[in-house]
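The active site annotation in TrEMBL covers His516, Asp564, Glu573. Positions annotated as compositional bias 'Pro residues' by TrEMBL: 607-621. What TrEMBL lists as domain 'Glycoside hydrolase family 9' is 115-586. What TrEMBL lists as region 'Disordered' is 602-621. Summarising the annotation, TrEMBL assigns transmembrane segment to 77-99.
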Amino acid sequence: MSMYGRDPWGGSLEIHADSVTDDDRSRNLDLDRAALSMTSRQLDETQQSWLLAGPGDQGKKKKKYVDLGCLIVSRKLFLWSVGAVVAAAALAGLITLIVKTVPRHHRPRPPPDNYTLALQKALMFFNAQRSGPIPKHNNVSWRGNSGMKDGISDPSYGKGLVGGFYDAGDAIKFNFPASFAMTMLSWSVIEYSAKYDAAGELGHVKEIIKWGVDYLLETFNSSADTIDRIATQVGQGATSGGANPNDHYCWTRPEDIDYPRPVYECHSCSDLAAEMAAALAAASIVFKDNKAYSQKLVHGAATLWKFSRNQRGRYSEGGSDASIFYNSTSYWDEFVWGGAWMYLATGNASYLQLSTHPKLAKHAGAFWGGPDYGVLSWDSKLTGAQVLLSRLRLFLSPGYPYEEMLRTFHNQTGIVMCSYLPVFNSFNRTKGGLIQLNHGRPQPLQYVVNAAFLASVYSDYLEASDTPGWYCGPNFFPAGALRDFARTQIDYILGKNPQKMSYVVGFGKRYPKHVHHRGASIPKNGVKYSCKGGWKWRDTKKPNPNTIFGAMVAGPDRQDGFRDVRMNYNYTEPTLAGNAGLVAALVSLSGESTGVDKNTMFSAVPPMSPTPPPPPAPWRP
């Protein structure tokens with residue numbers, strides 16, 4: 001039986017009554033699947049591949065894959081990847097093994113330059129000048145303990161003054177030039193500690209400074225807030241007393257001294273007290289990481305500063321023994337210089353207000369020049385103060401109320417730097433090129449090294465403040481011109497001069513052999529020579545038996561001439577102050593890099609917020 005209906009696409013739709021039902025079809029389909037399943041279980045992988053292969057796939061090898069869980073990759077690619085990783089690991093291990101077992105060959109450092117070599121020797125001079133118990137690591141074989149009864153041996157003083165440094169070729173301890181020497185060394189460490197460290201001398205120079213300032217602390221009551229006296233000198237130099245034994249009449253090793261060593265005191269000595277305050281203040285910045293010691297130095301400096309301001313006077317007045325050798329001409333420059341260091345060590349603005357007071361600057365000679373304007377020495381500190389305060393303006397710019405005077409000092413520093421350049425005639429020069437800062441007088445090198453340091457450090461100030469140079473009138477000069485000046489002067493001292501002689505003992509092939517120095521000229525042979533018994537070593541024409549390494553002698557005359565004669569101290573005597581300036585100049589020029597430590601100098605200075613200037617007076621018609 002059939003039924004007919006209409007096909008919606010135009011044909012007939014025929015349904016057979018005898019057709020199988022849906023259940024029958026489903027049952028037959030399940031049976032077919034089961035049969036196929038049983039057949040597939042009986043076929044191996046190769047047979048299945050034959051059945052599943054399409055036309056043209058017969059005879060081709062099927063690719064194999066590896067299931068990594070989240071990724072299916074070709075088995076061949078997987079094996080190559082694993083092999084590459086294993087090989088790379090093996091190679092890395094082999095390289096590591098070779099690196100660890102083969103001796104390392106670091107690229108050698110370049111040899112030290114001449115300035116670094118000379119610096120290392122120049123510091124040794126201070127070891128040779130030590131008074132008191134000599135440390136085991138002093139490295140000067142011909143020196144021993146000396147001055148162990150200083151202070152106590154003078155009944156009028158009766159307190160210990162052991163330690164410190166002998167000033168020059170004698171055994172006198174002068175506080176005035178020694179304090180200046182310590183200030184200069186500290187300044188150089190604050191600016192160039194990285195260079196000292198690179199030269200392997202940072203610990204050495206800090207030890208020298210500590211030896212010096214520790215002795216200064218002995219010369220007054222450093223634990224008190226107020227004092228009325230300072231011990232200024234140990235030993236006597238004047239020979240006007242005839243044959244009375246003293247440190248200049250006698251020619252004796254310091255270790256063998258048995259004659260009286262008087263102590264000199266002062267009760268009104270503004271210059272000395274202010275310079276000592278500067279030395280302690282500068283050293284407190286050097287030792288800022290040792291807070292207890294640094295504060296001890298600051299307290300001592302404050303006590304000295306108070307004394308210097310309250311008890312006015314020059315320490316060398318009245319024809320004292322010191323006036324013959326280290327006469328101070330004024331104390332106003334020490335007020336500017338010492339006040340600047342006190343401000344940097346404490347951050348107390350009252351010190352800066354004093355240092356930048358126009359009347360104080362006027363008294364110090366800041367506005368009138370003069371033949372020695374621009375010359376830094378143990379007596380005249382104005383130029384050093386001007387450079388130091390210019391640093392403050394360049395890096396911190398404190399503004400009102402200090403700006404006007406700081407700008408004046410900055411301009412004056414520029415004028416001083418111009419005077420050092422050879423294109424100007426402010427100072428004469430020898431034919432060999434040595435600047436005559438002391439106008440042809442004897443012992444010129446101590447002034448030259450100070451100027452070389454100021455020029456070099458000021459050049460670094462300009463570069464650190466992104467200032468390419470400065471003007472001398474209408475002419476512009478790059479900062480490098482100052483370093484060139486410093487180099488030519490130091491090179492002259494190290495041997496580039498008409499004499500072809502180094503004026504630093506032990507540096508170069510030719511240097512002075514008859515240095516005016518008692519300890520260096522008398523052999524350490526177990527014989528104790530009396531006051532006059534040592535004269536034979538003073539007068540002999542033979543070279544000194546002991547080499548006083550690093551000592552910078554007084555220097556040549558204004559014709560570049562030099563006499564290597566022991567008795568002529570104007571040529572052959574070294575000094576603490578001279579060597580301190582030499583060390584500062586050498587470290588500033590040493591090494592491959594330039595630049596100062598901008599921030600350490602201001603470690604005690606609080607953040608500055610300039611005070612606004614007062615409003616103008618009301619307008620009146």
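The backbone N, Cα and C atoms fix where each Cβ goes, and this holds for glycine too.
Note that TrEMBL annotation is computational and uncurated.
Values in this document were obtained by computation on a predicted structure and should not be read as measured data.
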Calculate the per-residue pLDDT averaged over the domain 'Glycoside hydrolase family 9' (115-586) and state the result as an integer. 96
Given Glu573 (active site) and Asp564 (active site), what distance in Å do their CA atoms have, once rounded to a whole number? 10
Do any residues at least six apart in sequence from His516 (active site), in the same chain, have a Cβ closer than 8 Å to its Cβ, and if so which, in order? Ala168, Gly169, Val553, Arg566, Met567, Asn568, Tyr569, Thr572, Glu573, Pro574
Between the active-site residues Asp564, Glu573, where is the Cβ count within 10 Å the lowest? Asp564
